[in-house]
Amino acid sequence: MIKEAILKVVNGNDLNAKEAYGAMDEIMSGESSEVQMSAYLTALSMKGETIEEITASTKAMRAHCVKLLNDEEVLEIVGTGGDGSNTFNISTTSSIVISAAGVPVAKHGNRSASSKCGAADVLEALGVNIYIEPEKSLKILKEINLCFLFAQNYHLAMKFVAGVRKELSIRTIFNILGPLTNPAGATMQVLGVYDESLVKPLCEVLKNVGVKSALSVYGQDGLDEISVSDKTSVCELRDGRLKCYEIAPEDFGMERCSKEDLVGGNPRENAEITLSILNGQKGPKRNAVVLNSAAALYVAGKADSIEDGVRLASEIIDSGRAKKQLEKFIEYTNS
């Protein structure tokens, strides 16, 4: 299947769903050679991945991952990475705030790929045990509305392509697939993307793979988050329909900051930033967490609008509930 797919893509032709699924299935099964994987991923990247190809590839990758057998609706807040901005861990910090509001959050992430500090790195620096079994993660999710799904524990088939990705050192479809393949089958999602051209297509993919409510976002300053230093392009999925619009920090009573105000550092430094926000420190970094948390609270139906979500997220931080949630998370993962 992958040989035929390579030939088709090299000639600039799009794959149908069956062809794209088959090619990814071969890769995830370890049946493709490194040369075949390199050719396929490079050609696909040069042609440009279609919605149909991304949807089918997502389904194939999901079929090969270890699943968290969860029967409740959960939310994911995640960025594709690759924006080169080296911000602190906005979505990871936000996941603590969101879950403290009573929204079940299955945060899916990995160690750093394109920045100094990934979700796994900062959580580990905060004292969270990231190496726990799926059964225990599910138990913790049910008890405190929060769990962390360390990608390498769930996407075991990625070992077949890891070497190729490292050697290629170019953006491939896998940069997009990670955030689309939550092992808990998240049905609510805030997805940050690294390129404005992906905002609507990836929202369409989320719809195709069963997500019910979502925001796909791109900060126009280049962030794969909702930005507080520029406008943000948004595509919203609600009731099976897509709606695209822009939002700005001023819409929510926030001052624009400079992009540099959101820069983080190594895991220890980013852990300190997260703690300072949860301890109530004001400023641009807190605003970024509040606004991204607000969007997720809106997606989850805990707030009637992003504006209402801003009020709720602020109250959760100021009341100390978010800090207590982190303390519980550390305790539960280490007990």
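Note that the numbers count up from 1, one per residue, in the order the chain is shown.
A Cβ is built for glycine as well, from the same backbone N, Cα and C atoms used for every other residue.
Copied from Swiss-Prot, the annotated features are:
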BINDING   G79, N110  anthranilate 1 binding site
BINDING   G79, 82-83, T87, 89-92, 107-115, A119  5-phospho-alpha-D-ribose 1-diphosphate binding site
BINDING   S91, E225  Mg(2+) 1 binding site
BINDING   R165  anthranilate 2 binding site
BINDING   D224, E225  Mg(2+) 2 binding site
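By neighbour count, meaning other C-beta atoms within 10 Å, the densest spot among the binding-site residues H108, R165 is H108.
For D224 (Mg(2+) 2 binding site), the count of additional Cβ atoms within 10 Å of its Cβ stands at 27 [all protein chains shown]. In sequence order, S91, P179, L191, G192, V193, Y194, D224, E225 are the residues of the chain that are 6 or more apart from G79 (anthranilate 1 binding site) and have a CB within less than 8 Å of its CB.
Put simply, R165 (anthranilate 2 binding site) is 15 Å from N110 (anthranilate 1 binding site) when counted between their Cα atoms. A Cα-Cα distance of 23 Å separates T87 (5-phospho-alpha-D-ribose 1-diphosphate binding site) from R165 (anthranilate 2 binding site). Distance from the CA of R165 (anthranilate 2 binding site) to the CA of R111 (5-phospho-alpha-D-ribose 1-diphosphate binding site) is 15 Å. For the pair formed by H108 (5-phospho-alpha-D-ribose 1-diphosphate binding site) and R165 (anthranilate 2 binding site), distance between Cα atoms is given as 20 Å, rounded to the nearest Å.
Just so you know, of the binding-site residues T87, N110, the Cβ with the fewest other Cβ atoms around it within 10 Å is the one at N110.
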